[in-house]
Amino acid sequence: MPSTSPRPRKAASTVDNEYDSRSKTPKPRARESPRRIDSRTPQNILLFLFAFRALNALCVRTFFQPDEFFQSLEPAWQIAFGRDSGAWITWEWRHQLRSSIHPYLFGAVYFISNLISDYLSISPLNRANLLLAAPKLTQALFAAVGDFYTWKLAGKVYGNYSYEAWGALALTVLSPWQWFCSTRTLSNCLETSLTIVALYLWPWEWPSESSSPQRTGTSCESVRNKSATQRYKQGGLSSLRLCLLLAAFACILRPTNILIWICLATFAMFKKPTSFRQARTFSFLRPTAKEFMTFIYEAVFSGSVVLSISTLLDRAYYGSWTFPPFKFLYFNIAQSLAIFYGRNDWHYYISQGYPLLLTTALPFSLVGLFQALFAKQRRFTSQQNSIRCQLAAACTFMPAVLSLVSHKEVRFIYPLLPSLIILSSLPLAKFFLPAISSRSPSNSPRRLLLIFLFLVNIYIAYYTTFSHASGIVNVMDYLRTQYDSHYLGEAPTKLGSQAGHSSSSSSSSSSSSFLMPAVMTVGFLMPCHSTPWRSHLIFPGIQAWALSCEPPVNLNSTEKSTYLDEADQFYENPSTFLQKNMKGGLRNFPSKPSYQLNNNPVTYHHSSSNSPDPTTPHHPWPDYLTFFAQLEPTLRTALHSSPYAECYRTWNTAWHDDWRRKGDIVVWCLDRTLQREWREHTRLQYQASWQRSMEERERQFDKIIDGFRKEAARGSSWFGAQSGMRGGLEMVPGFLVVVVAFVVVSAAEYEAVAVDVVVAVVVEGKKEADKVAEVDDGVAVGAGLGWVSEEVEVQGEVGEGVVVLSLHQYFSALFLLLFLLRWIGVG
């Protein structure tokens, strides 16, 4: 790392020095930060970013995409713990569509974490927590490296330690999308980190070399050939090789990543011929002949190395020789299976993709894209302007091509986010730097805007990682806790397999039998892949089943048009589905949870049948039944004669675009002890909520009374008011204060009755109830109104939460009307 001092440096980067030596023309100086930068700053920034992303990873408590688990952690669990470990292997893996490189990475993490837990002899619950945290912290390391090289590439574009480079670092750290997504175990997240490191190592000097020698009268070919060997000896060749290796890994992870490198390779390799001689002599190539041959050789070498590693790992995982990228394209293009998972508008990446990625940085990104493509900055070198132009071209080309595919997701363009952040940092610094460096009152609006944008980013990051879809993670934590509390201490059960959920191709049980703790069974009546699986259930004793959504593989167009997966069949008619596809139908239910029974529980397997009308029951009734609250009224009707009752409920989200996933997440269980405990917990929660509400209303009432007393102290006495219309009207405002106070208190009294009744209705689980409630031994005193009501009729309805307080409304309106008539002189 070049040393720094308070004085401006002679060069901003190694690449800039090469440009100067070749062009022999003065280079515009990149703007530098005026403060002294310690040589240890890069190392300190990297350590800070890792600590920040580690905290980020441990704070993420929400669900985003099923691929976060089913395309990485589930096959990784199988690699680490065996095919009978209970991992859910989806259809993509059975049809060999995915590269096993990513799962092998996390499989090694699981294996090492398990060795550490065995060596330390930690408790089962702590071991589960370690296996949960290890993949997150691993991905946090990759995310920190991606942030670090975003800052480094910004330094190459704008100058090391320039305001724009610091702005890029601030944008990536404060990005809500980065906080929400970068530490998740999606292949797109690793792809993004690999892409930005490869971009930093890319030979950016090639596209901007041709014009410099022309200005000095020197042959481009001679200058480039003389410097090529020296540059490669100085580490340029190793950088190029590492760049191409990382790019190849990114393309193996996500084949669409090749679009970025096609765009950049076009810029690096070719220029538009301006004469027939250029085309005939191949002088339209930007690099020299030696550079071109070196690039081709390194690209072939790097690609071959990565393909060899991928092929060997796929051979070990699948058990046969295969090439997943080819099958990926075949299934998604030839069979159009991507449409099965959704179809989006052609403008999706413009109207939704970029706004979701950039949030508050979107205006600055749009300005940065326009400036990079059409407006060169004079204070930067031609090479720096060229880098910006190429990044902007890649950020335009990739979404344009992906828009041709029907199925679109914002994470498909996630690798572009670091480049967009770099382009955004220039207009961001230009807009906000005067407001930060100057205390002029004229810059106050910009300072306020900066604070506002900062707070908006914090709020979005908090909401998406702690609140929205948080119930998914909470319910998995609850199930693990229940297993640790109620099952691990039970007598062991002899089982033939640990498999808690496996596909039909890998559901065969092991021939050997072994002892394991008592089995806890769970069923998920949710849209497919609504929750994580073995990576969050952890314990092999938790056996579960869930609804599947196998795509219509190898079906013709007519069959595809009428095809319904298992989840669609269930939501089309839940009662009929349960009658046909549950063992025992809707009449025979287990009376107790499996750990309280003497007989051995049945091992659960996932049905992956493509038949649209399965007739054989294949799902046993579980100890715990989990579903979204949207389904609760239907299940209350269908299972009214069953011993199932609510034993857990957690808030999930305030809104959802899928109607099947709306509402809380509810867990029903068979254990009557747990049901009683949950009823008591719910009752105490309602009482505490009511107490807080009463205290708040009392404080409001006290404030109203204090205001009335202050008004009375100023000489406004309603007893001494003048008679007649004029005097009455003068006292109406003071009177209204009193009436409002009385109404508030009376509402609080009747709310107490209503809450008690609603609690009773919810706890007992009855659909409707009519109850006469008594307050204070049958007397409800109207807090100074002087009237007494001995009975209050309250009607409560479960699910709707509607409470009708007709008596309260009647007396409030009546007293309000009487007092108004009295004070306007009518009464």
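Every residue gets a Cβ built from N, Cα and C, even glycine.
If you check TrEMBL, you get these features:
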- 19-36: compositional bias 'Basic and acidic residues' (COMPBIAS)
- 1-36: region 'Disordered' (REGION)
- 242-270: transmembrane segment (TRANSMEM)
- 292-313: transmembrane segment (TRANSMEM)
- 325-342: transmembrane segment (TRANSMEM)
- 354-375: transmembrane segment (TRANSMEM)
- 387-406: transmembrane segment (TRANSMEM)
- 412-436: transmembrane segment (TRANSMEM)
- 448-466: transmembrane segment (TRANSMEM)
- 731-748: transmembrane segment (TRANSMEM)
- 807-825: transmembrane segment (TRANSMEM)
Contacting positions for the transmembrane segment (387-406) when only residues 6+ beyond its ends and CB under 8 Å are counted: 156-157, 199, 204, 207, 256, 259-260, 262-264, 267, 332, 336, 338-339, 343-344, 346-350, 353-354, 368-369, 371-373, 377, 380, 412-413, 415-416, 419-420, 422-423, 426
Cβ pairs under 8 Å between the transmembrane segment (292-313) and the transmembrane segment (242-270), at least three: yes
Long-range neighbours of the transmembrane segment (448-466), counting only residues six or more past its ends (CB under 8 A): 59-62, 174-176, 179-180, 359-360, 432, 435-436
Cβ-Cβ under 8 Å with the transmembrane segment (412-436): same-chain residues at least 6 beyond its ends: 146, 149-150, 153-154, 157-158, 163-165, 167-168, 171-172, 175, 177-178, 181, 188-189, 191-192, 195-196, 199, 250, 254, 256-257, 260, 349, 353-354, 357-358, 361, 364-365, 367-369, 371-372, 377, 388, 391-392, 394-395, 398-399, 402, 443-444, 446-447, 450
Residue numbers, six or more beyond the limits of the transmembrane segment (242-270), whose CB comes under 8 Å of its CB atoms: 99, 101-102, 187-188, 190-191, 194-195, 197-198, 201-203, 206-207, 284-287, 292, 295, 298-299, 301-303, 305-307, 310, 325, 328-329, 386, 390, 393-394, 397-398, 401-402, 412, 415-416
